[in-house]
Amino acid sequence: LHPGVSSTGNLLTLTLLCDIKWYLEKLLFYLNLDICYFPAVMVQEDYHSQNPYHNAVHAADVTQAMHCYLQEPKLSQSLTPWDVLLSLIAAATHDLDHPGVNQPFLIKTNHYLATLYKNTSVLENHHWRSAVGLLRESGLFAHMSLENRQLMESQIGDLILATDISQQNEYLSMFRSHLDRGDLCLEDANHRHFILQMALKCADICNPCRTWELSKQWSEKVTEEFFHQGNHSCLQINSDLYLVLIEIYSAVWDFLLYWVVFLANGSWN
C-alpha cells in the first residue's frame with residue numbers, strides 16, 4: 001500500500017507474472033508465452049489509480065491471496081492447469097475498469113452500465129466483459145480453438161460474477177449445505193469450480209485477515225472511496241441524502257466490524 005505503488009509501479013503486472021511463473025510447467029500448453037507480458041501490463045493499465053480502494057493494488061492483493069489458496073495441499077492436488085489459469089486471470093481482472101462507485105449508485109443515477117446489464121450484477125458483468133475484451137485484444141489465447149476460448153471466457157465469467165456481494169448469502173447457503181451433507185468432491189469439475197468461486201470470494205474480502213497494520217490501511221482506503229461516492233451522490237442523486245450518507249460512510253469501525261463478522265468470518269467457517 002505504499003503511496004507510489006499504484007501510480008508508478010506495476011504491482012499487479014509483477015504479481016500476475018510471478019504467479020504464472022510459479023505454475024509455468026502446468027501452463028505451458030495453454031499460454032502463448034511470447035506475449036505473456038503484454039496482457040499482464042494491459043490488466044494493470046485498465047485499473048483506475050485514482051480509486052482509493054478498487055485499483056490495481058487491490059487486484060494484486062486478491063491475486064496474491066488466490067495464489068496462496070491454490071497452494072493449499074487439499075486443493076492443489078486436485079486442480080487442473082485450466083483451473084489454475086482461469087483462477088489467476090479471474091483474480092487479476094475481477095474489478096477491471098472499476099468506476100469507484102457501487103451498484104446502487106449506478107442504478108440510481110441511471111448509468112449506462114446499469115441499463116446495459118439490466119441492474120443485475122452490474123459491476124461484475126462489466127469487469128467480466130472488460131476482461132474478455134482485453135484477452136481477445138491481447139491475443140494471449142489466439143492459438144486455441146474457438147470452442148476452448150469461449151469456454152474459458154464463460155468460466156472466467158462464473159468466477160468473477162461470484163464476487164457480487166449481493167449474492168453473498170446464496171453462495172454461503174450452498175457452501176454450508178455442501179459441508180453439512182459432506183458431498184463436496186474435488187474430482188468433480190463442477191464442485192471444483194464452485195470451490196474456486198468461494199476461494200475468489202474469500203480472496204476478494206480477505207483484508208481483515210491480513211495483519212492489523214495492513215487491515216487498518218485497507219479499511220481506510222475503502223472508507224475513503226465510499227466518502228467520494230457519498231459526495232458525488234449528493235450532487236447527482238438528492239442533496240437531502242447528504243446527512244444520511246455522511247453518517248453511513250463515516251462509520252469506519254462499524255463497517256470493518258460488519259465486514260469481518262458477516263463477510264469474512266461467514267465465508268471462512
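Don't overthink the numbers, they just go from 1 along the chain as shown.
The backbone N, Cα and C atoms fix where each Cβ goes, and this holds for glycine too.
Per TrEMBL, the Zn(2+) 1 site holds H94, D95, D204; the candidate it also names there, chosen from H48, H58, H143, is H58. Rounded to a whole number, the C-alpha distance linking H54 (active site, proton donor) with D204 (Zn(2+) 1 binding site) is 11 angstrom.
Cβ proximity to the Zn(2+) 1 site centre (mean Cβ of H58, H94, D95, D204, cutoff 8 Å) flags the following additional same-chain residues: H54, A59, V62, A91, H98, H127, T163.
Counted over every protein chain shown, other Cβ atoms within 10 Å are most numerous around H94 among the recorded positions H54, H58, H94. Counting Cβ atoms from all protein chains shown, D204 (Zn(2+) 1 binding site) has 23 others lying within 10 Å of its own Cβ.
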